[in-house]
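If you check Swiss-Prot, you get these features:
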- 69-377: domain 'IF rod' (DOMAIN)
- Thr7: phosphothreonine (MOD_RES)
- Arg12: omega-N-methylarginine (MOD_RES)
- Ser13: phosphoserine (MOD_RES)
- Arg30: citrulline (MOD_RES)
- Arg36: citrulline (MOD_RES)
- Ser82: phosphoserine (MOD_RES)
- Thr110: phosphothreonine (MOD_RES)
- Thr150: phosphothreonine (MOD_RES)
- Thr383: phosphothreonine (MOD_RES)
- Ser385: phosphoserine (MOD_RES)
- Arg406: citrulline (MOD_RES)
- Arg416: citrulline (MOD_RES)
- 1-72: region 'Head' (REGION)
- 73-104: region 'Coil 1A' (REGION)
- 105-115: region 'Linker 1' (REGION)
- 116-214: region 'Coil 1B' (REGION)
- 253-256: region 'Linker 2' (REGION)
- 378-432: region 'Tail' (REGION)
Amino acid sequence: MERRRITSAARRSYISSGEMMVGGLAPGRRLGPGTRLSLARMPPPLPTRVDFSLAGALNAGFKETRASERAEMMELNDRFASYIEKVRFLEQQNKALAAELNQLRAKEPTKLADVYQAELRELRLRLDQLTANSARLEVERDNLAQDLGTVRQKLQDETNLRLEAENNLAAYRQEADEATLARLDLERKTESLEEEIRFLRKIHEEEVRELQEQLARQQVHVELDMAKPDLTAALKEIRTQYEAMASSNMHEAEEWYRSKFADLTDAAARNAELLRQAKHEANDYRRQLQSLTCDLESLRGTNESLERQMREQEERHAREAASYQEALARLEEEGQSLKDEMARHLQEYQDLLNVKLALDIEIATYRKLLEGEENRITIPVQTFSNLQIRETSLDTKSVSEGHLKRNIVVKTVEMRDGEVIKESKQEHKDVM
């Protein structure tokens with residue numbers, strides 16, 4: 001009976017942070033005590049999935065870059081060839097000119113040095129003139145800037161004076177209006193006093209007439225009742241008294257009217273003088289305002305020209321800033337493309353490093369398994385047809401201090417013509 005010992009072990013393991021992946025065990029799942037693992041011939045690890053769309057895009061970008069570089073290289077080659085031809089042509093011309101110069105020198109001495117010295121003196125003189133003109137223009141510019149500051153200060157002062165004059169004019173106008181209102185009030189009072197005087201005169205005349213009528217009636221009554229006594233003296237005395245009283249009242253009213261009229265006349269004269277002064281000052285302020293307005297217009301024109309020059313300077317600076325921004329954007333794009341390419345290379349390097357780490361871990365695991373085996377694997381080539389399945393159970397113990405203790409049980413099955421003849425188990429301890 002032919003005996004064949006079949007011992008095979010194949011597994012994949014990945015250890016990270018105290019976790020282990022064996023065979024088809026999901027990543028991140030821990031092995032508990034008494035876990036039974038079936039170790040058999042496993043297929044080789046599948047390659048990492050590749051994003052072909054990204055690879056195609058990178059390949060297309062690489063092709064475009066290579067095409068642009070090739071076109072640029074061809075253009076540079078053409079330019080270099082044309083440059084070489086031009087250099088050769090200039091060298092030939094230089095040789096011809098050198099030969100002609102030698103011929104001229106051989107014929108007779110020239111005065112080129114004197115001609116060049118004269119031209120150099122002229123150029124130096126022009127340079128000195130331009131330097132002097134530049135200095136003069138700078139001085140004029142500084143003077144104009146100083147004059148501009150002075151004019152601006154003067155404009156501010158004149159503006160303040162104009163505002164003050166306008167305020168004073170408004171105050172004078174208000175005073176003139178008040179004087180006009182006072183004059184109108186005095187005129188109304190004068191009219192009311194004249195009406196009162198006329199009313200008093202009318203009342204006085206009526207009183208005199210009534211008194212005369214009363215005297216006449218009393219005289220008639222006395223003449224009828226008495227035997228015509230002589231009342232002429234009494235009537236004359238009474239008439240004299242009333243006339244004196246009326247005359248004194250009239251005189252007092254006229255005096256009061258005259259005093260009131262004189263007061264009103266003086267007030268009107270004073271108000272008229274104030275109004276005349278206000279009008280004169282208003283005319284002066286108006287003339288000053290016109291002159292200040294002319295100065296303001298001239299300064300406004302100067303200010304507009306300076307603002308126009310400033311806008312032109314700002315526009316030129318804006319264009320330069322825009323060009324600098326565009327150059328900066330291009331540089332940032334190039335930097336970003338370089339960063340992306342570097343990130344891609346780093347990702348590729350990280351993937352390769354992960355693959356290397358996984359391979360190192362698998363190699364270490366295989367080495368541990370092979371060291372734990374007592375018997376070597378001897379499988380003849382012709383017995384692969386009778387090869388069945390070999391089961392291996394793997395028991396794990398507790399994990400302590402970052403090391404994983406495992407009991408590896410190797411089960412050996414002897415088969416013949418598809419029938420199991422003998423089974424044996426061997427237990428090995430392994431610490432990782």
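Positions of Cβ are set from backbone N, Cα and C atoms, glycine also.
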Set of same-chain residues at least 6 away whose C-beta sits under 8 angstroms from Thr150 (phosphothreonine): none
Same-chain residues at least 6 beyond the ends of the region 'Linker 2' (253-256) whose Cβ lies under 8 Å from its Cβ atoms: 197, 200-201
Structural state census, the region 'Linker 2' (253-256) (DSSP three-state): 4 helix, 0 strand, 0 coil
Tally of residues which DSSP labels helix, strand or coil - the region 'Coil 1A' (73-104): 32 helix, 0 strand, 0 coil
Neighbouring C-beta atoms (10 Å sphere around the C-beta of Ser82 (phosphoserine)): 10
Within the predicted model, mean pLDDT of the domain 'IF rod' (69-377): 79
